[in-house]
Each structure stands twice: as structure tokens, then as C-alpha cells.
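First comes the structure, then the notes that go with it.
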């Protein structure tokens, strides 16, 4: 097959989660329900934080930004998948594919960095409580969010640039429900060895550094909590971290699970199904983790829903 330049590729075909016609209505209802629950839940978190002056603290400021990133993250992939199922048209334009790659890595990197920033916030609150308001001032909080956004923007543009440099043959079927660069590398006719090396390097930098920050913060928190003599003090310190730690485990755990499943299984379609866990399920569950046992969030949520 003769390779063709990307300018000659007008569209790709997203094969989705299943090609079984009988499963399409079920998948459509399931994904639509999960999408609406995710968007509504995260919007309620944002409304609760902005409407209640008691929640105008660094922790909830970061939480509202995380909810915004979750909405963007799930909106990058699911609406297109729903449209493809409804119209029975699997195509996505070349420009649309590049846009999806850009936004996907923008929001996934932003979420990873925000989780690291939130871990640092908990570290300061527990290990340096007397200096918390001085250290976590509004200027630093705003700077951390802006820095996270620009780093994520850099990551997304690097991924977009890698994809835009590829040349493809006549096979443009992607065994996935969104334009995932590793899948696009498999379709490319050009040599992708450098791209794959760069992909792993960027994953190590943009993913490894935030994970290291989370591990460092919680290691220091654990050591600090162990030094607290009273069991009540231990419980109070841990309860402030429980929701965030649950979200961290869900986010990184599902991502690691997808990586391991794709490495063990030779079926690309199974890898696509596993990807639903961190692209759809994680943004949907995050609001529940932060609201179910959090009285500060529950009160403004009840006021909003009662209206």
C-alpha cells in the first residue's frame, strides 16, 4: 500500500465499543445516562462551591476546577460516540480527530495535575496548619491552577503535533471510540519508533511527576497523622483526605488498569472497553466521592436542589 500524506486523509472511522447492532440501543442509553449524570453532578459541585461563601477555600476552589476538568474530559469523547451510534456513522474528520486528541490530553493532564495540587493542599493543611492560610493564599492558588492549565496545554499540543506528523495508508479504521494516539501509531505507514519513545517520555514527565507529588504529599501526611496521639485527631486528619484519596486511587487505578489490560490482551477492542473506566466512569463518580460524606458540600447542594 502506498502511504499518503495526512493532507489526503479526510476522515477516520471510529469502530466504537461494539459492532453488534443489537447492542447499539443499550450502549446509547447507558452512555447517555452516564454522561448526563457526570455533567449534572460536576455542575452541582461547581454551583455549590460558588454559591456558598463558606466553601470559598483553597480545597474547594481546586475541587470546582477539577469538576470543570471532568466535564471537559468526558465531553471530549462521549458526545461524538453518541452521535456515531445514533446516526450509525462511524466517521470522524481529520480535523476533528486532531481536535479530539488535543482536548483529550489537555483535560486528562489537567486532572492529573489538579489532583497533585489538591494533595499538596491537604499536606499543607495537615502538616502546617498554623501557616495554612499564609501559604495557600489566593494568589498561589490561582497561580497553581494557571500553571496546571498551561502545562496541560503544552502536553496536548505535543500530542497533537506527533499525530499531525504521521502518514497513513488506506486503512483508517481505529478500533476505539476516540482518536487515541497509540491506535493512530498502529495505523501509520511511516516509522513511529521516535513517536512511541516521545509518547513514553511525555507520559513519564506529565504523568509521573504529578503521581510523585501525590505520593510525597500523602507519605508526609501519613507520618504526621501517626504522630498524633489521640484517635479522634487521627480520624479528623484522615477524614479530610479520604474523598481526595478515593478519587486519586480511582483515576490512577483505572488508568493503570487500562494500560495493563492492553499490554496483556491482544484484543484492541477489549482495550477500548477498558478505556471507558477512566474516560466515562471516573468523571461520573468523582462528584459522589466528594459529596456523599461531606457535610460542607451536602448543605449547599440541598439548598440548590430544593429550589
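Cβ coordinates are placed from backbone N, Cα and C, and glycine is handled just like the others.
Bear in mind that the values here come from a model prediction, so they are computed numbers and not experimental data.
Here's what TrEMBL has on this protein:
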{"type": "DOMAIN", "residues": "41-290", "note": "domain 'G-protein coupled receptors family 1 profile'"}
{"type": "TRANSMEM", "residues": "26-49", "note": "transmembrane segment"}
{"type": "TRANSMEM", "residues": "61-82", "note": "transmembrane segment"}
{"type": "TRANSMEM", "residues": "102-120", "note": "transmembrane segment"}
{"type": "TRANSMEM", "residues": "132-154", "note": "transmembrane segment"}
{"type": "TRANSMEM", "residues": "194-216", "note": "transmembrane segment"}
{"type": "TRANSMEM", "residues": "237-260", "note": "transmembrane segment"}
{"type": "TRANSMEM", "residues": "272-292", "note": "transmembrane segment"}
In the same chain, who gets a Cβ under 8 Å from the transmembrane segment (61-82) while lying at least 6 residues past its ends?
14, 16-17, 28, 31-32, 34-35, 38-39, 42-43, 45-46, 49-50, 92, 96, 100, 103-104, 106-108, 110-111, 114-115, 117-118, 121, 141, 144-145, 177-178, 247, 279-280, 282-284, 286-287, 290
For the transmembrane segment (194-216), I need the partner stretch with the highest count of C-beta pairs below 8 angstroms, choosing only from 102-120, 132-154, 272-292.
102-120
Restricting to CB pairs under 8 Å, which listed stretch, 102-120, 132-154, 272-292, is in contact most with the transmembrane segment (26-49)?
272-292
Excluding the flanking five residues on each side, which residues at least 6 beyond the ends of the transmembrane segment (132-154) place their CB within less than 8 Å of a CB in that stretch?
58, 61-62, 65, 105-107, 109-110, 113-114, 117, 121, 124-125, 206
